[in-house]
Each structure stands twice: as structure tokens, then as C-alpha cells.
Amino acid sequence: MTSVLPEQSTVRESFESLNPATDEVVGTHPVHSREDVEAAVSKAHEAAVWWEALGYAGRAERLRRWKGVLTRRLAQLAEVVRAETGKPTGDAQLEAVLAIEHIDWAARNARKVLGRKHRAPGLLLSNNDATVEYQPYGVVGVIGPWNYPVYTPLGSVTYALAAGNAVVFKPSEYTPGVGQWLVDTFAEVVPEYPVLQQVTGFGTTGDALVRSEVNKIAFTGSTATGKKIMAAASERLTPVVIEAGGKDPMLVDADADLDAAADATVWGAFSNAGQTCIGVERVYVHERVHDEFVAKVLDKTKDIRGGADSRAQYGPMTMRSQIEVVRSHITDALARGGRALAGGLEAVGDRCVQPTVLVDVPEESSAVREETFGPTVTIAKVRDMEEAIAKANDTVYGLGSTVFSHSRGTEIARRLRTGATAINAPLAFAGIASLPFGGVGDSGFGRIHGPEGLREFARPKAIARQRFPAPLALTSFTRSDKTEQLVSKAMAILHGRK
Ligand code: NAD
């Protein structure tokens with residue numbers, strides 16, 4: 001295993017990552033101190049100079065090789081993910097596959113998106129050659145969650161690397177082994193400098209990274225932590241991108257394909273035990289098709305089961321404490337008059353929560369307003385899509401959303417206050433590498449993925465080069481009255497017309 005610790009490190013503490021299905025110890029990792037983090041960031045600054053100098057083609061070649069390693073060892077990676085998260089290996093493979101697509105896209109498109117481009121200089125300064133290029137920040141600190149420990153942090157790591165930055169990555173304390181696996185495989189294709197390093201530990205290690213001399217922080221995790229990170233980053237005016245929580249709605253119109261919508265609901269709500277930032281947590285269905293839709297969802301739910309065995313469609317809750325949040329949301333929903341048509345309080349076990357479908361849940365319930373992050377879904381009847389849009393948008397969050405409608409999909413999608421919307425299929429935007437990903441409101445700001453994701457990790461650098469002296473000297477004390485009169489006349493012709 002490649003050591004990511006600075007030589008002068010003084011690690012005293014360590015922690016264990018556990019298999020959530022068995023509590024078996026998967027690995028032991030250091031709790032990196034503030035000094036360790038600062039030393040890692042200092043090394044990263046040296047590495048960043050070398051990495052940037054490789055240029056787009058050199059970096060793309062290394063990223064291409066990394067992608068090859070990940071692809072050839074997909075089964076091994078899926079096993080590492082399964083051990084720390086408890087998710088089925090098929091789901092672990094799926095998130096890795098999507099991450100590989102992103103590495104490929106970012107590597108192939110970085111020059112096109114970030115490279116030097118000419119801009120029109122305008123009439124007054126037409127003697128200039130105007131260009132803009134996107135230069136790397138230097139060192140990016142990436143702080144990740146545990147729910148998709150490959151796909152989610154690599155959405156920042158990959159784009160930051162492709163843009164020419166070195167990265168210091170702090171994975172979730174639940175999935176440090178996955179992070180180490182990614183860093184080690186990267187070091188196989190980039191052995192020269194520690195361009196991608198990992199620091200491990202809890203919130204204090206993450207906080208040390210935010211307060212260190214990184215040039216940008218990319219955070220993915222809960223809204224509450226995102227707020228703390230933004231406050232800490234403000235001390236050094238370090239820019240941040242915040243990818244936080246969600247309460248994603250699905251809207252089902254009267255003309256929707258109800259089988260497809262029910263299938264997407266069941267997948268969107270229950271896969272990965274509902275521990276998906278863009279998981280479907282609430283559904284608004286047109287009254288004309290509501291009952292039929294609910295019947296279809298219940299029918300499909302019968303075949304879904306969470307468990308630690310290989311036949312279960314999803315695994316245990318990765319973070320045990322989330323079980324209490326799920327239980328409290330179901331309790332609140334039932335106490336306010338909601339009904340569990342599948343699952344319910346008895347579905348909440350010690351490690352696993354079975355699929356729970358709630359109806360008649362008042363909009364002010366925690367199950368409708370707060371992120372549940374468990375395999376539960378609320379389904380509500382609406383008069384029409386106007387009511388559905390209003391209810392979908394009545395939230396502090398705004399990450400993803402889904403619309404099922406034959407005739408009005410795009411129109412409805414455009415009116416949803418979320419960073420992305422999938423129409424007639426679940427979560428599709430997350431798998432399309434060219435599309436930006438990110439939120440609105442309490443779901444955060446900034447974008448990963450696509451051209452916007454590359455630009456998130458680079459600073460625009462504007463250059464104006466004078467090609468020949470201006471016929472009218474505007475920015476000189478030699479400027480004459482005649483020049484000023486000419487400028488005034490020219491402006492009247494150009495912009496002064498009524
Ligand atoms: P979390 O906020 O508890 O932790 C995320 C990371 O932040 C961890 O690595 C943690 O150690 C670190 N951290 C905690 N306190 C910190 C501090 N004060 N300073 C710096 N770092 C600190 O979130 P989680 O439980 O790991 O992940 C689940 C959450 O992530 C959910 O809310 C989910 O919606 C969200 N999420 C969002 C996206 C997205 O793209 N928007 C993707 C996946 C998950």
C-alpha cells in the first residue's frame with residue numbers, strides 16, 4: 001500500500017472501518033492530525049507544479065491509464081465498496097462504471113473546455129488580441145461521503161485532476177478503504193509525485209483540510225456539514241463547491257407510462273437502501289392515475305427486500321445512526337394521519353430497513369420535508385401538475401427531480417427548482433458525463449461533471465495583448481480633446497440611438 005503520510009507525520013490515533021452487515025473490521029486507518037494534513041497539502045503544492053506542467057495531453061494519458069486499471073480491477077473495487085458500505089456488488093460495480101465514464105470524459109474534454117480561446121475585443125479596443133484560458137487552482141481539497149464512495153468523490157477528484165490540480169482527498173470515516181484503493185491505483189499510473197493523496201479521520205481532519213493552504217474545497221455530504229465548511233473556508237477566503245443533501249421529488253402526470261414510473265419509484269426510493277442524495281423521497285401523482293400508480297408501486301415493492309445476503313436487492317444501512325432518523329420520520333408520518341401501505345415501523349430493523357411506502361402524509365411532516373436517507377417514499381395525490389410543481393418546489397432543497405409525462409415532460413422539468421431533472425427514466429442525468437451536477441438552496445451550489453465541472457476547478461485567466469497602438473489613445477495622459485470628441489460621437493452612433 002502506498003504511504004500517503006508525510007515522513008514527519010506524528011500519527012498517534014487510528015480508527016477502524018467496519019462492514020455494516022457484520023460489524024467485522026475491514027481496515028484500520030490513521031486519524032490524521034492538523035500537522036499531517038498541512039504536510040500533505042504542502043507536498044501537494046509541489047506535485048501540482050509538476051502535474052500542471054504535464055499539460056492536457058500528458059494528464060489525459062495518465063487519467064486514461066488510471067481508467068484502464070479501474071476497469072480491469074472492477075470486481076476487486078466492487079468488493080472493497082461492498083465490504084465498507086454493505087451494498088450489493090452489482091450496485092458497487094454500477095457506481096464504479098459511472099465514475100470510469102467520468103474519468104474518460106474529463107480527460108478527453110479538458111483541453112477543449114479549459115484551453116485558450118479568443119474573445120472579441122470590441123470596437124474601442126479592437127487593436128487588442130483578447131484571450132481567456134482556465135488555469136488550475138493548485139491544490140484542491142476534496143471531502144467525500146460514504147453513500148457512493150467511488151462515484152461521488154471522483155466527481156470532484158477526476159475533474160480537479162483533469163483541470164491540472166493536485167488533490168488531497170479526505171474520504172468519509174465509513175469508507176477510508178475505498179479511498180485508499182483509489183489513491184493507490186492512481187499512484188500506480190502517476191508514481192512520480194503525490195498528485196492524489198488521502199488523509200483519513202473524522203470531522204476534525206476534514207476541518208484541518210478546509211483550514212489548510214488548499215486553493216479550493218470540494219465538499220459532498222450533508223447540508224449541516226456544508227455550512228460548517230463554508231464558514232471555516234471563509235477565514236482564508238477559500239472558494240468552495242458544496243454538494244449537499246436533497247429531498248428529491250418525482251412527478252407523475254395523467255398521461256405517464258405508469259409501469260415505468262412505478263419501476264423508477266421503487267428503484268429511486270429503495271436502491272442503495274435509499275441512501276442516495278438524488279434518491280426519490282416523495283412522489284406527486286395526478287389524481288386520475290393515483291390509485292392505479294400506487295397499486296403498481298405496491299406490487300413491485302413486494303419483490304424488494306433489504307438484507308445482507310446475496311439475494312437481497314439492497315444492503316443494510318451503512319451508517320447505523322441513520323436508522324433512528326428513518327424511524328422518527330415514519331413515526332411522525334403515522335402520528336399525523338399517514339398510512340404505511342408497505343413496511344412501516346415494523347420494517348425498521350437493527351441493521352436493515354425494509355421498503356416503506358407512505359400515503360396520506362401531511363406536507364409538513366418530517367417524512368416530506370427532511371432528508372430521510374432511507375428506503376421510504378411518500379406518495380401524494382394532486383389535482384394537476386400545477387399543484388405537483390408547487391409542492392415539489394416547496395422545499396429548502398433542490399438537488400435532483402424526476403418527471404413522468406408523455407406530453408409535458410420538458411415543460412414541467414424546466415419549472416422544477418432543482419439542479420437536474422430526469423424525464424421518463426430515473427436519475428439519468430447523473431450518468432451523462434457531459435451534464436453538470438449540483439444543487440440549489442440547501443442542496444448546495446457549484447457544479448461537478450461536464451464542462452461546468454471542469455471550470456469549477458480552474459480560474460479564468462483573461463489576457464489582452466495590444467497588437468498595434470490604438471488610433472485613439474484612450475488610456476494615456478496624452479489623450480486629446482479631439483480624441484474625446486471622437487469617442488463621444490462614436491458612442492452616440494453605436495449606442496445612443498432611441
Ligand atoms: P457528512 O456531512 O456527515 O460527512 C461528509 C464528510 O464531511 C465526511 O468525510 C466527514 O468526515 C466530513 N466532515 C464532517 N464534519 C466536518 C467538518 N466540520 N469539517 C470538514 N469535514 C467534515 O455526510 P455523510 O453522512 O458522509 O453523507 C451523507 C450526506 O451526503 C447526505 O446528506 C447526502 O444527501 C449527501 N450527499 C450529497 C451528494 C451530492 O452530490 N449533492 C452526493 C452524495 C451524498
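Note: Cβ is positioned from N, Cα and C throughout, glycine not excepted.
According to TrEMBL:
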| type | residues | note |
| --- | --- | --- |
| ACT_SITE | E243 | active site |
| ACT_SITE | C277 | active site |
| COMPBIAS | 1-20 | compositional bias 'Polar residues' |
| DOMAIN | 13-463 | domain 'Aldehyde dehydrogenase' |
| REGION | 1-30 | region 'Disordered' |
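Within 10 Å of the C-beta atom of E243 (active site) sit 29 other C-beta atoms, taking all shown protein chains into account. The domain 'Aldehyde dehydrogenase' (13-463) scores a mean pLDDT of 97 in the predicted structure. Proximity of C277 (active site) to non-local residues of its own chain (separation of 6 or more, Cβ distance below 8 Å) is seen for P145, N147, T152, T220, E243, A244, G245, G246, L399, G400, given in sequence order. Secondary structure at C277 (active site), taken from DSSP and collapsed to helix, strand or coil, is coil.
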